[in-house]
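Have a look at the structure below, then the notes.
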Ligand code: 2RA
């Protein structure tokens, strides 16, 4: 299998290298692509040093079976034809194609089979907050239809890239040293703060990040579920947390929900209030699963249930989900 990574130098690109190796993904040849800023850099994969090639409109993707792309929506749009023209499956982590009707938006635990219908050779990887939420929602949707979702997210700095993580570290150091604080990657200082804005505002007062959770969840779950989100940047490093409230067609007890989450694909139940056991981003960075805890009946709605989830934004929220899509295609022998 010949595999390409476009955007190899970014936080998600680097995670692709780790996840592909960790999961012993079948690769005969790996090619790395990047912008003029990263072309020439070298990374080691399975003991072999690989140099990043400049991404160009040429025949470099001839013979490539799977191309993982995470270099921004603009690059994905510009190079989609170049990447797919010789038959490579493009699994794209950007927002470029997620809502295109002829491009599947896939979370393997929820709608893997959608990946089989890809007329343009492209499969879109959802937004990180959507991925981890629908993995949890699926466990309850299997019991009864979810009609409404309210979600507040607590999104780590990693969502804005590796440099944003570095800025958060530096801000804490600067504050403690009494130095002026560098604010470049976020609208405001993030250290000792929360920022209730991720991406730009749309006409309805929701941000693009919040509308992604509305639109993408409905597409992935093939559902009329209504999702009202508030997406907040918090001073955590690389795991996103979400406080989720759902309204279901019939009441779901805490015990029933716990059982469903405990057996849900891609989920780990971490819910024991007496022992102060619940998911926290600091301790779950780098983990594959989505962790679920704080499960309670909603006091304001007899068909309501509320719970808390944590997932690694770079891993399950991006690189791992994309690799799992590729693993599914290999399992069902549907790469070419
Ligand atoms: C964020 N979900 O967390 C967005 C993009 N990764 O910033």
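Placement of Cβ uses the backbone N, Cα and C atoms for every residue, glycine included.
All annotation found in TrEMBL is predicted automatically rather than curated by experts.
Sequence annotations record features per position, and here TrEMBL assigns domain 'Semialdehyde dehydrogenase NAD-binding' to 2-118. What TrEMBL records for 9, 10, 11, 12, 37, 38, 158, 159, 180, 313 is NADP(+) binding site. The phosphate binding site annotation in TrEMBL covers 98. Annotation comment: TrEMBL describes 128 as active site, acyl-thioester intermediate.
Locations of recorded TrEMBL features on the structure.
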residue: 9; record: NADP(+) binding site; DSSP class: coil
residue: 37; record: NADP(+) binding site; DSSP class: coil
residue: 98; record: phosphate binding site; DSSP class: coil
residue: 128; record: active site, acyl-thioester intermediate; DSSP class: helix
residue: 158; record: NADP(+) binding site; DSSP class: helix
residue: 180; record: NADP(+) binding site; DSSP class: coil
Annotated recorded positions 9, 128, 180, filtered by Cβ under 6 Å to ligand 1: 128
Structural state census, the domain 'Semialdehyde dehydrogenase NAD-binding' (2-118) (DSSP three-state): 33 helix, 31 strand, 53 coil
Cα separation, residue 158 (NADP(+) binding site) to residue 128 (active site, acyl-thioester intermediate) (Å, whole number): 11
Intrachain C-beta neighbours of residue 11 (NADP(+) binding site), sequence separation six or more, cut-off 8 angstroms: 158, 161, 162, 165, 314
Integer Cα-Cα distance in angstrom, residue 98 (phosphate binding site) to residue 9 (NADP(+) binding site): 23
Sparsest Cβ surroundings (other CB atoms within 10 Å) among the binding-site residues 37, 98: 37
Overall pLDDT of the domain 'Semialdehyde dehydrogenase NAD-binding' (2-118), taken as the mean: 98
Cβ packing number for residue 180 (NADP(+) binding site), 10 Å threshold: 8
Lowest local Cβ density among 9, 158, which the record lists as binding-site residues, within 10 Å: 9
Cβ neighbour count (within 10 Å, all chains shown) around the residue listed as 'active site, acyl-thioester intermediate': 28
Greatest inter-residue Cα distance in Å for the NADP(+)-binding set 9, 10, 11, 12, 37, 38, 158, 159, 180, 313: 30
